[in-house]
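Student: So TrEMBL lists the following for this protein:
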- A:62-400: domain 'Amidohydrolase-related' (DOMAIN)
- A:143, A:211, A:232: Zn(2+) binding site (BINDING)
- A:154, A:235, A:236, A:243, A:272, A:328, A:329, A:330: substrate binding site (BINDING)
- A:294: active site, proton donor/acceptor (ACT_SITE)
């Protein structure tokens with residue numbers, strides 16, 4: 001049959017009988033995909049006189065943008081902060097496994113580590129598109145080492161550093177190279193943080209505040225210099241106080257520069273934050289909520305002991321502690337579990353829960369023009385979910401990369 | 001004319017959709033034998049489109065061998081503007097059924113040479129063998145398509161400047177902002193619609209009652225251009241009770257009395273699922 005499309009001969013897939021998340025609502029619309037991007041069917045019809053080559057019945061599923069996890073330390077026995085010979089295959093393994101959790105893009109996260117670790121590991125992380133091989137890598141998230149000793153959480157104290165001496169040069173020397181770094185978490189109360197934040201922001205790197213004892217004005221100053229994210233809100237920072245709300249106060253601060261939004265990551269696994277705290281944050285600033293897993297190497301594995309950077313942790317159910325202590329150290333929750341828990345704990349709409357794991361992280365990283373939505377011309381990274389938000393299938397660039405039922409539809 | 005009076009908007013929409021369905025199924029379109037359908041936009045035909053989509057989804061009706069010609073389109077409005085008639089037709093009809101894009105014809109309000117676009121449209125209608133059934137609505141000022149009061153009753157497809165009545169009526173689609181409403185449109189002429197083998201006009205709502213009165217109980221007049229169809233041999237007006245409010249009781253009683261006969265046009269209701277043989281054995285629909 002002769003091609004009836006003037007723009008491209010590539011096959012067009014039409015996903016029908018679904019409810020897709022678009023324009024902030026679930027709508028009964030079909031999803032059209034061509035060459036890995038979401039296609040505008042009206043333009044196809046009138047401009048190209050084109051039609052679908054293949055129609056796929058989604059059987060009433062919800063179609064949502066693929067989840068984006070901006071804080072994940074490893075999983076399935078792989079620790080992104082551990083420099084091993086087969087580091088690359090470790091990242092590949094995690095990237096492949098998290099497809100079943102609905103994650104189509106992620107930022108491999110490194111906890112506070114010695115410079116040698118950064119110098120060995122960072123060159124092995126490259127920004128790349130996802131596909132059947134695994135979720136796409138957006139760049140590394142470096143959580144530390146420029147953090148507060150008092151709020152180190154599970155990070156090793158002996159690796160914590162400051163940049164008081166040489167400012168940005170100290171940071172450069174520690175990390176080695178800034179290629180492929182997407183997010184840096186630091187404590188803004190460290191002297192010279194303003195210039196460091198400005199330098200990072202200038203280079204398109206997202207600056208996040210975390211593991212810090214900063215008060216609200218220090219946090220606001222950091223935001224004014226370019227910081228746009230808060231790492232796992234409530235955890236590893238001063239608690240909210242009514243006369244000094246600390247970093248938490250950024251959610252309702254009136255000193256945020258016009259046109260900017262502060263996003264905040266929350267681990268909604270039911271353990272790192274009490275559901276009431278989740279609700280308070282969500283209600284105070286719903287558009288800033290970014291769900292993260294903060295998953296560690298033990299995610300996906302049986303209970304027991306595993307490494308996290310320079311430390312040993314103990315997993316028992318959904319709880320992970322530094323071995324021998326009661327200090328929480330990352331989670332073993334999966335992204336889809338976090339989304340479902342968030343939905344249940346806040347009673348929010350399905351659309352809101354899905355956006356917190358897709359649209360908002362895309363907005364945080366400034367990539368919402370191609371990720372995090374099902375808008376026309378966006379990358380066709382999407383999920384088929386049932387009504388209780390269990391992932392049934394994962395698609396990257398329009399290709400099915402994971403399906404729940406191994407026997408196929 | 002046949003004046004079909006139904007109690008509610010939904011019933012009027014359904015009657016109209018059934019009529020269109022029967023006409024298409026009876027025509028038995030196929031490769032090289034297309035059913036040419038003229039189509040309107042606006043809020044009046046929405047119910048009718050919904051039913052037609054339903055018939056397609058049930059497998060009773062297919063638009064694979066149907067060619068459509070829309071009545072009009074705004075000038076200067078981007079084609080993908082949510083209020084363009086291209087968008088209206090895509091969202092309310094085309095995207096839900098199996099019609100092919102090359103069989104769809106809508107005037108291009110952004111063409112470089114508007115009159116040439118209009119002339120080409122007339123040629124396309126001719127090339128398709130003329131229009132089998134032209135479905136239209138009526139404006140509160142009695143216009144058919146955008147043939148505003150004063151339009152020639154033998155006019156062809158051309159550019160028209162919209163009357164204030166029409167702009168006011170359309171403002172609700174543009175956030176109530178009069179300055180956002182397009183002031184010009186490309187429209188088929190009264191003569192163009194008169195050339196169709198059959199014409200069906202949908203008129204619902206009390207606000208259209210006066211226009212309906214002027215169109216069928218007064219004379220043929222270029223100030224109420226729908227009145228031109230008094231001189232067409234095959235016209236069907238489908239309306240709800242509210243639209244008859246300005247008519248004489250005598251007129252309404254007469255045509256309501258004829259419903260027994262007119263309903264034979266939609267009962268039995270044919271489906272494309274039936275075989276050719278089943279259909280040819282059934283009686284031809286009664287015609288006036």
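Backbone N, Cα and C define each Cβ position, glycine as well.
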Student: Given the recorded positions A:235, A:272, A:294, A:328, tell me which ones have a C-alpha lying within 10 Å of the C-alpha of residue A:211 (Zn(2+) binding site).
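Tutor: Cα filter at 10 Å returns A:235.
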Student: Sequence gap of 6 or more, Cβ distance under 8 Å: name the residues on the same chain that satisfy this around residue A:232 (Zn(2+) binding site), in order along the sequence.
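Tutor: When sequence neighbours closer than 6 are ignored, residue A:232 (Zn(2+) binding site) has A:71, A:210, A:265, A:266, A:267, A:272, A:292, A:294 within Cβ distance under 8 Å.
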Student: Reported as an integer number of Å, what is the Cα distance between residue A:236 (substrate binding site) and residue A:143 (Zn(2+) binding site)?
Tutor: 12
Student: So for residue A:243 (substrate binding site), how many other CB atoms are inside 10 Å of its CB?
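Tutor: Counting Cβ neighbours of residue A:243 (substrate binding site) within 10 Å gives 5.
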Student: How many Å separate the Cα atoms of residue A:329 (substrate binding site) and residue A:143 (Zn(2+) binding site)?
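Tutor: Pair distance, Cα basis, whole Å: 13 Å.
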Student: Within a 10 Å radius around the Cβ, which one of these binding-site residues has the most neighbouring Cβ atoms: A:211, A:272?
Tutor: A:211
Student: Cα-Cα separation of residue A:235 (substrate binding site) and residue A:143 (Zn(2+) binding site), in Å?
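Tutor: Roughly 13 Å, rounded to the nearest whole number.
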Student: To the nearest whole angstrom, state the Cα distance for the pair residue A:143 (Zn(2+) binding site) and residue A:154 (substrate binding site).
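Tutor: Cα-Cα, rounded: 11 Å.
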Student: Of A:154, A:328, which of the binding-site residues has the most Cβ neighbours inside 10 Å?
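Tutor: Per the Cβ count within 10 Å, the most buried is A:154.
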